[in-house]
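Feature annotations, courtesy of TrEMBL:
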DOMAIN    39-288  domain 'G-protein coupled receptors family 1 profile'
TRANSMEM  23-49  transmembrane segment
TRANSMEM  56-76  transmembrane segment
TRANSMEM  96-118  transmembrane segment
TRANSMEM  130-156  transmembrane segment
TRANSMEM  203-224  transmembrane segment
TRANSMEM  236-258  transmembrane segment
TRANSMEM  270-288  transmembrane segment
Amino acid sequence: MSGSSTITGFILLGFPCPREGQILLFVLFSAVYLLTLMGNGSIICAVLWDQRLHTPMYILLANFSFLEIWYVTSTVPNMLANFLSDNKLISFSGCFLQFYFFFSLGSTECFFLAIMAFDRYLAICWPLHYPTLMTGCLCANLIISCWVLGFLWFLIPIIIISQMSFCGSGIIDHFLCDPGPLLALTCKKAPVMELVFSTLCPIPLIILFLFIMGSYALVIKAVLKVPSAAGRRKAFSTCGSHLTVVSLFYGSVVVMYGSPASEHGARMQMTVTLFYSVVTPLLNPIILGTKI
């Protein structure tokens, strides 16, 4: 492949194994995908159909479940097709569309986790003022901001990378179009773009993670002042599930993008990416569904 103008596609190696193993993986991930759609879809339906759940906390939860459906859809259908494919090709445009949507949806998830923490902070630390502070208008503006910021964050770098020339075999040792393997295939080394991505990835993670931890530090401080043990348990129970989701997502993402890429082998990268992009969307409805 001599350049981006002549490329017809990349080869996603995914999980190389015998044909029987590919079929087994297809069945396994098909089941995981369907369960993820059903779990997150059930939360959306519950919030839509029950008038009592038309509150900011549950509206944010329904939007988060909607996001999870699209997040897992950005990778799993193509992965399933590759399990049954002999050539495992993905088109040039398809690769960069997946690249864009996967990272944009991941960034959007970071923003949603932050505003969900902010909502719990207002509800627990300012309970009497909560209805006037977290209005329907503010909730809608926060939701729109999450989607817009998430989809703008990586737009320009991805457009720039898509205009670069690619050489070599075009083989990506991954199940999705990840920036590391893609940049390794460029005809000329692009240290500036590598620096941009190594900077852009941690910035929202670090800032939003600090915001989440700061919000919950204030929540814990407020809860410890509650005189009754029952009141403290109720307050902690409303935050525990969200903190679990934050830990699962941020724990795996920080391992992946919070340290130099050279420290991770290809198998390690795929395992960690698989966890936060496929496993956590499956587990989140189970964890967060306890609130409904």
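Backbone N, Cα and C define each Cβ position, glycine as well.
The model shown is predicted, which means the values in this text are computed figures rather than measured ones.
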Which of 56-76, 96-118, 130-156, 203-224, 236-258 contacts the transmembrane segment (23-49) most, counting Cβ pairs under 8 Å: 56-76
Beyond the flanks of the transmembrane segment (130-156) by at least 6 residues, Cβ under 8 Å: 56, 59-60, 63, 100, 103-112, 115, 118-119, 122-123, 200, 204
Cβ contacts under 8 Å made by the transmembrane segment (203-224) with residues that lie 6+ beyond its boundaries: 107, 110-111, 113-114, 117-118, 120-121, 124-125, 153, 232, 235-236, 239, 243, 246, 250, 253-254, 257-258
